[in-house]
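Encoded as structure tokens, the structure appears first; notes follow it.
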Amino acid sequence: MKNNQFGRIRLDRTTELEELKNIHFIDADLLADPKAQLKDFLKRSCLVSNSEATFQQKLSNLLATPDQTMAAFFESDQPLTLEIFILLELQLLQFEADTDYQIEDPLSAISKIQLPELDLKNFETSADVAHAWYNLLTTHTKNGEVYLDRLTQQGYFVSFYPTTTKPLFFNGKAQAVFDPHQLIREVVYVEAPLDTDHDGQRDLLKAEILRPAQTAHGYQAPVLYTASPYNQGTNDSYGEAITHNVDVPLTEKAVQKISKSDVTAEPFSQTLPAERKVAGMATKASETFAREQPYTLNNYFLSRGFAVVYAAGIGTRDSDGLRDTGSVEETISTTAIIEWLAGNRRAFTNKTDNLEIKASWSNHKIAMTGRSYLGTLATAAATTGVEGLETIISEAAISSWYDYYRDGGLVAAPDTFQGEDMDVLAAEVLSRKHDAGDYLGIKAHFDQILKRIEKDQDRDSGNYSKYWDSKNYLNNVKNIKADIIMVHGLNDWNVKPRNVGKLWNAVRDLPINKKIILHQGQHIYINAFRSIDFTDMMNLWLSYKLFDVQNGANEVLPNVIIQDNVEPETWNTYQDWQAADDEIREFTLQAKTLVDRASETKNEAASFRDSLDPEFFEMYKNDLKHWHTDLLNTEHATNGKNQMRNNRLIFKTAQTKEDWLIDGTPEVSVNVAVNQPFGMLSFQLVDFGDAKRLNPSPSILQPRSLSGSFDWRTDDLREFTLQNAVTPWKMISKGHINLQNRTNNYCVDEVKPHQFYDVKLELQPTFYRLLAGHQLGLVIYATDFETTIRGNQELLYSLQLNQSHLKIKLAH
């Protein structure tokens, strides 16, 4: 395995000693003898030992040298050496002898596993031992947590619980000294400046709060806030019932010559009813809850002095209002919670008594967390500049809803959600439907909203419009004041990388701190990965942003961290992603090949069709993996004859002589004609070459092994591992375009049958290492069974190859 720690800070020895005292590894002074000091550290960390005999038994299970136990070592006159300490460290960190390290040569494992190096050669004093112990406590175990967190799970900080009144920090990070079993759980109803259900009253929004017991006695906690429309339940069958049929034909669109101003959303306005009249003040909530739908990263911080708030927003169970995916109202309902937490909005104990309750326990510093829709709402909130929001950690977040459900003038579904759209998602998260009595009063109005969304989303055209512009958070990035950490999968075909790519470019020059972490996963969380200290980094960051701990987090954490797609457990740092100084490589299409654009080319043409026999159309529709295999397979050996052989064109470079680090947005330009007055093209950039690649999904290494607190909620330890079998290809990026949207996503151009047009588009941004000896391929086709509508029409496409090109950028 490889250890990658970015959230670990280096401190001077004086500070290390003070911090060791703060967490009770040292009482007043160090012991005189280095060996005695090490034994004392071990005894304090042996949490299962209640007697000297038990402790000696544990020491007998540890080796000091290849032929001596730690118990025997402490009885001997042998001095403590670096080799002895490192061998002990490797055992305490759960590494396995003969697998991860050699007992005879423990020092070589430090560089092999990428553990922090210890700047000692000899242990001359107990201060040297303390320095080494501090180093050990802040080093990751084999199982995805620093050693101090491992001790924490075993109960190290339980004795701190009765006397804890404020956070405790070690190595710049908050520690688990708050008893998570004594959390205060309460519900409040925040009055939002909205009336989306038009009942003549401002919408009340349910918020579920978990906060340390100490907040009842004057301690003020920072808040991790997760806005999750799924939090109060979903209507899966309802959404499935109104999912759109995608087996429909592509049609000709009326020519439309308009400007950007014609598709710019009108400023939001509304008429609001008056605020509720306050009938009195309350200091305690009148409602509680048993168990929320948690995010495991939030769970980790509940024992570290943070409060956590979950709110589902308008139209969800126990809240007022109605859902409208991506709307301004949805953003306002998100920021209303922040405003209450920051002391700038009212909330009530319930929906009838009008008893106001304040967040007196909050320190008015809020961070937002969450993935997908949750991270999307964090992004939306940040673009308002709302007071109190200090930072967001947005994972797999949408930055423009058009880029989620559309691409290049086409309906383009998120991965595995063919037929979903803005209306379907709104229906799925209208959890007020779960309460029949509540739903009775809003059903008719919500039906009207769904009809309006269906009309405005305009699946018939796929064009960008005022509707989509009102759901484009990129329009408001200038308002962002909160610092941002973005996390996204380079293989996320649900919320595609364009969303984070555009946001990263948009905030690059803003006067805020911004970081980005790109992993090789799909639509996933990465906080429980073994090879990267994501949770530690977020602890360092949140301690800095919400507790104002001067730990240098902004300088310590790299601006760009990207997981390698070739070597497992490898994460590299960069100054930028989609960097301006990347090297440009351009290729021209020739018969089945991609050649350097500067080389001499021939006037060649190639064509492909888009129709399939009904039998094979149904086969591919019901077996997308089979379709994708046949699309990329040039051997024509999948289940006999490859039915896609005439439905796509594949162009490959020569085998590369060196590794290429493809960075940013590949660009394709083709000279194309079609036999109808309409058409579409799809493209995939592909790595062709035999290799054992990373599995698409992370493997569970140890189930329920991580919690970060004693006797607390657990998470599975995960990691990307190599596939057992060699595979011949890997898709790097993809893109789609309607031939009538050659100018942009909102202008509609004429397409005359059999007339050639220049069509340009950008594929999804990426960061990909193409190994030496592999070939870079461009696959051109029309219907994408995973993404586009599937009309199975008699369309024939022709390309002028020497007028068609691919441009990529290579990182230095």
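Placement of Cβ uses the backbone N, Cα and C atoms for every residue, glycine included.
Per Swiss-Prot, the features are:
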ACT_SITE  SER372  active site, charge relay system
ACT_SITE  ASP492  active site, charge relay system
ACT_SITE  HIS523  active site, charge relay system
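All protein chains included, SER372 (active site, charge relay system) registers 21 other Cβ atoms within 10 Å of its own Cβ. Compared over the active-site residues ASP492, HIS523, the count of CB atoms lying within 10 A of a residue's CB peaks at ASP492. A distance of 5 Å separates the Cα atom of ASP492 (active site, charge relay system) from that of HIS523 (active site, charge relay system). In this structure the alpha carbons, written CA, of HIS523 (active site, charge relay system) and SER372 (active site, charge relay system) are 8 Å apart.
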